[in-house]
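Asks: I have a structure I would like to understand better, so I am pasting it below and will then ask my questions one at a time.
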Amino acid sequence: MACRFPLHSSSPSQFLSPENRQRLPRNYPSISCQNNSATNVVHEDGDDNDKAKTNQVNLLAIPITLTIISASLAKPSFAAAKVTERKRTQKKPQEALTLEQLKAWSKDLPVVSNRIPYTDILSLKAEGKLKHVIKPPNLSLRQKAEPVLVVLEDSRVLRTVLPSLEGNKRFWEQWDELGIDVQCVNAYTPPVKRPPVPSPYLGFLWKVPAYMLTWVKPKKESKRAAELKRMREDFKRQRKEEIETMKEERVMMEKTMKAQKKQQERKKRKAVRKKKYEESLREARKNYRDMADMWARLAQDPNVATALGLVFFYIFYRVVVLNYRKQKKDYEDRLKIEKAEADERKKMRELEREMEGIEEEDEEVEEGTGEKNPYLQMAMQFMKSGARVRRASNKRLPEYLERGVDVKFTDVAGLGKIRLELEEIVKFFTHGEMYRRRGVKIPGGILLCGPPGVGKTLLAKAVAGEAGVNFFSISASQFVEIYVGVGASRVRALYQEARENAPSVVFIDELDAVGRERGLIKGSGGQERDATLNQLLVSLDGFEGRGEVITIASTNRPDILDPALVRPGRFDRKIFIPKPGLIGRMEILQVHARKKPMAEDLDYMAVASMTDGMVGAELANIVEIAAINMMRDGRTELTTDDLLQAAQIEERGMLDRKDRSLETWRQVAINEAAMAVVAVNFPDMKNIEFLTINPRAGRELGYVRVKMDHIKFKEGMLSRQSILDHITVQLAPRAADELWYGEDQLSTIWAETSDNARSAARSLVLGGLSDKHHGLNNFWVADRINDIDVEALRILNMCYERAKEILGRNRTLMDEVVEKLVQKKSLTKQEFFTLVELYGSSKPMPPSILELRKIKRLELEEMVLKLDMTTARNSS
């Protein structure tokens with residue numbers, strides 16, 4: 001039997017957010033409650049027109065549909081990240097539905113027919129199974145018996161009838177104690193349009209002009225009609241006053257009940273606090289008596305007095321005697337430190353005198369003349385170059401030798417053929433006369449370019465160390481100061497010191513700090529920078545071809561340097577140092593592991609394969625991280641797993657070890673396995689190095705490491721098919737989400753990869769690689785922008801279907817990879833390709849150009865051989 005009770009329509013906008021208010025009407029998840037009997041609405045008006053209108057409205061009594069607006073939907077986490085004040089917009093009028101629209105809207109909604117006693121609501125709330133109580137809108141419970149719908153946590157819907165407050169007062173007291181009012185929500189019924197009223201047959205008379213109606217005198221109203229009208233108005237006014245009085249009495253009654261309830265609760269809390277206070281007083285008195293008795297017993301015990309005396313003696317010994325000895329030792333150590341600092345200052349003064357060319361006799365004469373002007377001393381110190389000097393091992397006095405060993409080419413690995421260029425620079429110092437005798441001009445400057453961390457500074461030190469010459473190193477940012485003329489003065493001082501200590505190497509790090517193109521910066525700061533650069537240009541030209549001083553500079557931005565600075569004659573050699581390859585990375589790892597306790601079975605090749613794209617500084621840090629982890633675990637040797645784990649830390653960050661549910665692990669595993677399974681079917685991306693679902697450095701997802709051709713993917717030499725393969729791989733997580741969870745359960749885990757696919761598809765179209773040849777010319781015309789998006793969408797749909805086809809064909813492989821990832825959290829290259837061989841179903845790769853050429857050549861040889869055999873047979 002269906003639930004029957006009349007409901008008034010209420011706006012659903014009170015349950016919806018401002019963004020969703022403009023979308024009504026809409027098919028929300030709903031529960032229908034149908035009323036099979038028409039409800040007659042009777043008014044007290046006696047007017048015939050009012051009765052006619054009332055009868056017309058009664059025709060609209062149709063089955064009522066209740067739409068439950070859930071107020072407990074889970075809010076997304078990103079909604080709390082930023083709260084902004086929303087502008088108030090004018091509320092749009094709600095559209096009413098016709099009778100046919102309302103029937104279509106409520107056609108397939110279920111009918112609630114299951115009943116429960118109203119007392120079961122209290123037990124369901126106590127057990128935590130109650131989710132919502134749906135009540136008619138614009139009505140207040142407790143006044144009279146009202147039918148309601150009960151929604152449980154398992155989405156079941158039941159119906160019951162709640163009693164009035166007078167009928168069951170104890171029920172409503174328990175209702176308030178459990179706080180069920182919070183879970184009450186209003187039902188919603190969309191408004192219905194009234195049917196059109198047919199116009200009367202004499203309706204054309206209404207078109208008569210108004211001034212003609214003035215000729216007809218209105219009929220005088222009778223006394224009976226006037227009395228009825230007055231009585232009707234009095235009745236309406238009395239009825240309205242009674243309703244207002246009833247509402248006020250109800251509000252006052254509710255306030256009185258709440259006040260009484262609060263007063264009772266306040267008395268209960270006061271009684272509880274008083275009881276606790278009295279108990280605490282009794283407990284305190286008892287503890288006080290117990291402590292007094294205990295101290296009295298201890299005071300009378302001689303053993304306790306002896307023990308306390310020993311304790312106080314020990315404290316006195318620790319505080320007085322030992323502290324005195326410690327202070328005495330600290331005083332002696334402080335004297336030793338002061339003596340060592342005095343010796344160090346003396347050595348530093350001697351070193352400064354040596355650098356400035358001041359002899360000891362001159363110092364003694366100057367000491368007799370009196371103290372120098374402190375401002376003059378500060379100015380002289382400020383005008384020095386500030387370069388760090390490292391003397392050659394055969395030129396420096398023994399007391400000034402550095403404790404560290406000079407850097408050699410054996411300390412620098414992963415150079416390849418670049419090392420030959422630098423060895424020639426060393427020969428310019430060691431066999432310079434041989435080059436001059438044959439008329440070979442020795443370069444005056446060498447510019448080292450390359451990404452950060454490839455070892456440009458280390459190479460410059462190795463050149464100076466192999467040549468055995470003095471090495472001056474300075475950062476280009478030290479040339480520029482706020483005072484006018486300081487930069488140029490420091491450049492002159494630097495090259496003056498280098499010339500006095502020739503042969504030598506001047507190394508300028510980060511040359512782009514002072515070598516930018518002139519004229520870009522206006523004002524005094526730009527003039528000072530330009531003056532410093534001009535002095536550097538003159539200093540570089542002054543030593544050209546003499547071989548006494550060679551300048552080596554390093555920069556990450558050779559494109560912004562001044563053309564006059566990098567022209568031949570100043571920097572004759574421009575050496576680009578790229579990131580190391582596979583063999584170079586292996587050599588760098590071996591160099592940094594020379595002084596570390598390495599295991600005998602360490603696989604440097606596996607570590608080098610995992611560190612594709614890393615530079616020397618990152619590889620050195622990997623070895624250090626692995627050594628620290630070894631010490632932390634209490635082991636004595638570094639293994640391959642230590643280096644591989646350190647490589648992951650360097651690339652992706654530290655491991656995030658917070659707990660996750662099994663379903664979350666499985667969803668992330670499906671996302672990563674889909675990319676790997678689809679990529680293994682494409683020739684440019686089939687080299688899968690590593691799979692993991694372990695989150696690192698705050699990233700909730702895992703990653704798939706694919707070794708790709710650097711020239712193709714970094715230098716922009718991708719073919720059309722390679723870009724389509726890339727788009728297919730990026731859409732694989734979305735396709736897997738649809739295949740494994742269905743279209744209704746899609747998540748946003750693949751949002752980032754799908755955005756990458758959209759960007760790649762648009763780049764493919766704008767690059768002129770699509771079927772419609774967009775991007776060749778005038779593609780920013782307004783009427784073609786939509787065509788570009790349509791073409792990009794076609795490419796995305798094609799690649800998406802391709803990804804679904806590959807995943808459907810390899811469903812067994814996907815399930816196995818997902819299970820392994822959920823268990824082990826990571827898969828190596830060998831483990832992944834073992835699963836591919838056992839469960840994979842991939843199409844054969846298309847033949848390459850070389851293979852096609854070989855096949856054609858074999859066919860041609862067979863054809864020529866048959867032709868020769870036929871000719872020989874005919875001649876015989």
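Glycine is no exception: its Cβ is also placed from the backbone N, Cα and C atoms.
According to Swiss-Prot, the protein has these features:
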| type | residues | note |
| --- | --- | --- |
| REGION | 1-20 | region 'Disordered' |
| TRANSIT | 1-32 | transit peptide |
| COMPBIAS | 8-19 | compositional bias 'Polar residues' |
| TRANSMEM | 59-79 | transmembrane segment |
| REGION | 256-276 | region 'Disordered' |
| COMPBIAS | 258-275 | compositional bias 'Basic residues' |
| TRANSMEM | 304-324 | transmembrane segment |
| REGION | 350-370 | region 'Disordered' |
| COMPBIAS | 357-368 | compositional bias 'Acidic residues' |
| BINDING | GLY450, PRO451, PRO452, GLY453, VAL454, GLY455, LYS456, THR457 | ATP binding site |
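If you look at the structure here, what lies around each of the features I listed?
Replies: Taking DSSP states H, G and I as helix and E and B as strand, the region 'Disordered' (256-276) has 21 helix, 0 strand, 0 coil.
Long-range Cβ contacts of the compositional bias 'Basic residues' (258-275) within its own chain (Cβ-Cβ under 8 Å, at least 6 residues beyond either end) map to 176.
Counting Cβ atoms from all protein chains shown, PRO452 (ATP binding site) has 9 others lying within 10 Å of its own Cβ. PRO452 (ATP binding site) falls within neither a helix nor a strand when secondary structure is assigned with DSSP, and so counts as coil.
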Asks: Ten-angstrom check, please: count other Cβ atoms within 10 Å of the Cβ of GLY450 (ATP binding site), all chains counted.
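Replies: The Cβ of GLY450 (ATP binding site) has 20 Cβ neighbours within 10 Å.
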Asks: Determine, from DSSP, whether THR457 (ATP binding site) sits in helix, strand or coil.
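Replies: Assignment for THR457 (ATP binding site) reads helix.
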Asks: With a 10 Å radius around each C-beta, find which of these binding-site residues (PRO451, GLY453, GLY455) has the fewest other C-beta atoms nearby.
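Replies: With the binding-site residues PRO451, GLY453, GLY455, fewest surrounding Cβ atoms within 10 Å: PRO451.
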Asks: Note the Cβ centroid of GLY450, PRO451, PRO452, GLY453, VAL454, GLY455, LYS456, THR457, the recorded ATP site, then list each other residue of that chain whose Cβ lies within 8 Å of it, in sequence.
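Replies: Apart from the listed residues, the neighbours are SER554, ASN556, ILE577, VAL615, GLY616, ALA617.
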Asks: I want to check the contact list for THR457 (ATP binding site): same chain, sequence separation of six or more, C-beta distance under 8 angstroms. What comes out?
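Replies: For THR457 (ATP binding site), the qualifying residues are SER473, PHE507, ASP509, SER554.
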